[in-house]
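Here is what TrEMBL records for this protein:
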type	residues	note
DOMAIN	52-221	domain 'Phosphoadenosine phosphosulphate reductase'
BINDING	C132, C133, C215, C218	[4Fe-4S] cluster binding site
ACT_SITE	C241	active site, nucleophile
Amino acid sequence: MTTTDVTTTPGRERSAEELKALVEDAQRRFGERDADPDEVLAWAAETFGKKLAVACSMASDTVVPALVSTHLKGVDVLFLETGYHFPETLQTRDEFARDWPVNVRTLLPELTVPEQDEKYGAKLHDRDPGLCCGMRKVAPLDRALAGYEAWVTGLRREETPHRANAAPVEWDEHHQMVKINAIVDWTFDHVVAYAEENLVVVNPLLSQGYPSIGCAPCTRKVAPGEDPRAGRWSGVGKTECGIHL
Ligand code: SF4
C-alpha cells in the first residue's frame with residue numbers, strides 16, 4: 001500500500017529519558033557492533049509496535065523494510081519524494097509496496113520543484129546542495145519522525161567513514177528518539193544476496209553501475225573498483241544528505 005502525506009503519525013508516549021533507557025538496555029543486550037537483525041527487529045517490533053517507522057530510499061535498502069515487515073506487518077515505510085528521483089526509484093517504491101505487507105508513506109517537501117526554482121533559482125542542487133537536501137530530505141523526515149518513538153535505517157558501516165562507528169541500536173540526539181541500524185554490519189554483497197534469496201525488489205539501477213542511488217541530478221555511475229558512494233554529489237565534497245548527521 002502507498003499513501004502520500006506529511007502529517008499522519010501515531011504520536012509519542014514515552015519521554016526522551018524513557019527512550020534513552022531503552023537504548024541502554026538494547027546496547028547491553030545486543031552489543032554495540034554486530035547483532036542479528038532478526039533479534040534486533042523482533043525486539044523493536046515488540047517494544048514500539050506502530051510507533052516504529054522505517055526509512056527507505058528504494059535503492060538496495062528495500063531489504064530493510066522487508067526484514068521489518070516479517071516482524072511487524074503494516075509497518076510505516078517513509079520514502080522521501082524529493083521530486084528529483086530516477087523513474088526506476090519510483091517504480092521500485094511502487095513494486096515494493098505492492099509485494100510486501102507495509103504502508104509506504106511518501107513524504108513531500110514544503111515546496112514543489114517549480115516553487116523552489118522560483119524562490120531560489122533553478123538547479124539549486126548544483127549551487128547549494130546542502131540547502132536543497134535540507135528542504136527536500138531533512139525537513140520532511142524531521143516532521144514525520146516527530147510522530148514515532150523509533151526508526152529503522154538501512155545505514156551500513158562500510159558506506160562512509162562517518163558511519164564507521166554506528167551501532168545496531170543508538171540514541172538519535174537530533175530526533176530525540178531511538179535509531180535502529182538493523183543491517184549496520186552488512187556488506188553490499190550481503191544485501192544483494194538477501195534480496196535475491198527473499199525475492200525483494202531492489203532498484204534496477206544497482207546493476208547498471210549505480211551502487212548508491214540518490215536524486216538523479218546528484219548521482220552518477222561509478223567505474224568498477226571505484227568507491228561505491230563516489231557517484232553521490234560527485235565533485236562537490238558532500239558525502240551525506242544530512243539525515244544521518
Ligand atoms: Fe537536492 Fe540533490 Fe539533495 Fe536531491 S540529493 S535533495 S536534488 S541536493
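Backbone N, Cα and C atoms are what each Cβ position is placed from, and that goes for glycine too.
Confidence for the domain 'Phosphoadenosine phosphosulphate reductase' (52-221), expressed as mean pLDDT, is 95. When Cβ neighbours within 10 Å are tallied across all protein chains shown, the highest count among the binding-site residues C215, C218 belongs to C215.
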